[in-house]
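TrEMBL annotations:
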TRANSMEM  7-26  transmembrane segment
DOMAIN    11-297  domain 'Sugar phosphate transporter'
TRANSMEM  38-63  transmembrane segment
TRANSMEM  75-93  transmembrane segment
TRANSMEM  99-121  transmembrane segment
TRANSMEM  133-150  transmembrane segment
TRANSMEM  156-180  transmembrane segment
TRANSMEM  192-211  transmembrane segment
TRANSMEM  223-245  transmembrane segment
TRANSMEM  252-273  transmembrane segment
TRANSMEM  279-299  transmembrane segment
Amino acid sequence: MISRQLVLTYLYLLIYVCLSSGVILFNKWVLSPKYFKFPFPITLTMIHMAFSGVITFFLVRVFKVVAPVKMTFQIYATCVIPISAFFASSLWFGNTAYLYISVAFIQMLKALMPVATFIMAVLCGTDKLRWDLFLNMVLVSVGVVVSSYGEIHFNIIGTLYQVTGIFAEALRLVLTQVLLQKKGLTLNPITSLYYIAPCSFIFLFVPWFLLEKPEMDVSQIQFNYWIFFFNAVAAFALNISIFLVIGRTGAVTIRVAGVLKDWILIALSTIIFPESIITSLNIIGYAVALSGVVMYNYLKMKDVRANQLPADNAPDRATKDKKISNIYKPDNFMDANDETTVGSLASEGAGVDEEAPLIPSSRLSYVTRTQTGSFNSR
């Protein structure tokens, strides 16, 4: 029995790594002007949000796979709406970056997620300025700068889009902690999408109407319904895989899987998209940044253990906390563009990619996260 459970755990991790990488590469292929030639990132993100909103409605309300939380109009207006706005923004900017820069370079820039989250947390008063964390943030920033300097096809517009998306995701994570956790709400990936996806769709409608709809009316675009259907299914499946993984593993395991996924994704992107070229400076800079992220995660997890030890005396409490601690507690855990959205996974990192739109970006914690957003972009 133990052996079977272990096999299932590694199987879920493998599925998560494959789906997370696959969604990012799929989004890049769809949006790239060199391949599928559908340069409309807002439209793609809206398709993902609409699909996820419909599917989660059936899962929550019709089939009752998971139970909805007690959501009042006040909580929705003061918490869900602002969080959805920044989530939509992070997906919009993150997916737009695919039009200008390579997947490999985007993954390297995502190492800035802990830096962005730390800055936002300090500004919002949810974290204190500590020199040990600050020095780690400097190390991460230096690594990203070196990696950027070594980028052959450096594009300032794409870089600004990606960095803006990272800071939008960081602010969303901090707002999640400040607004929702104080209300005592705990959302898993499915219920997160259920509440946030429809609201994010509405927020994206305005920039879509102003920026993309006019171009879509006059340009010759191909709209293959099966391509977009499978793209949306892959993005949603990523969220389900995260839902399965976080119930079976701890924060350390997921973070290790995220780091492995990022390296695999960087390598695969250079094979699938030959125009992506990795230089020695890229690798050195990313390795330096990653070392800072690893140390950051170590310090944060050390703080979490210190804070939880007095409270976790009961065995049943410990078992329960192991399953939910990674779902909606940004400070406890830490992609993508994966499309990841709300939770502890996100708080430290993932993604925003479009890996999983509503699960905390695994990037911060270096699990990694879309993205579906595909969510990362995430």
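Each residue, glycine too, has its Cβ placed from N, Cα and C.
Taking residue pairs at least 6 apart in sequence, the transmembrane segment (156-180) and the transmembrane segment (38-63) share fewer than three C-beta contacts under 8 angstroms. When pLDDT is averaged over the domain 'Sugar phosphate transporter' (11-297), the result is 89.
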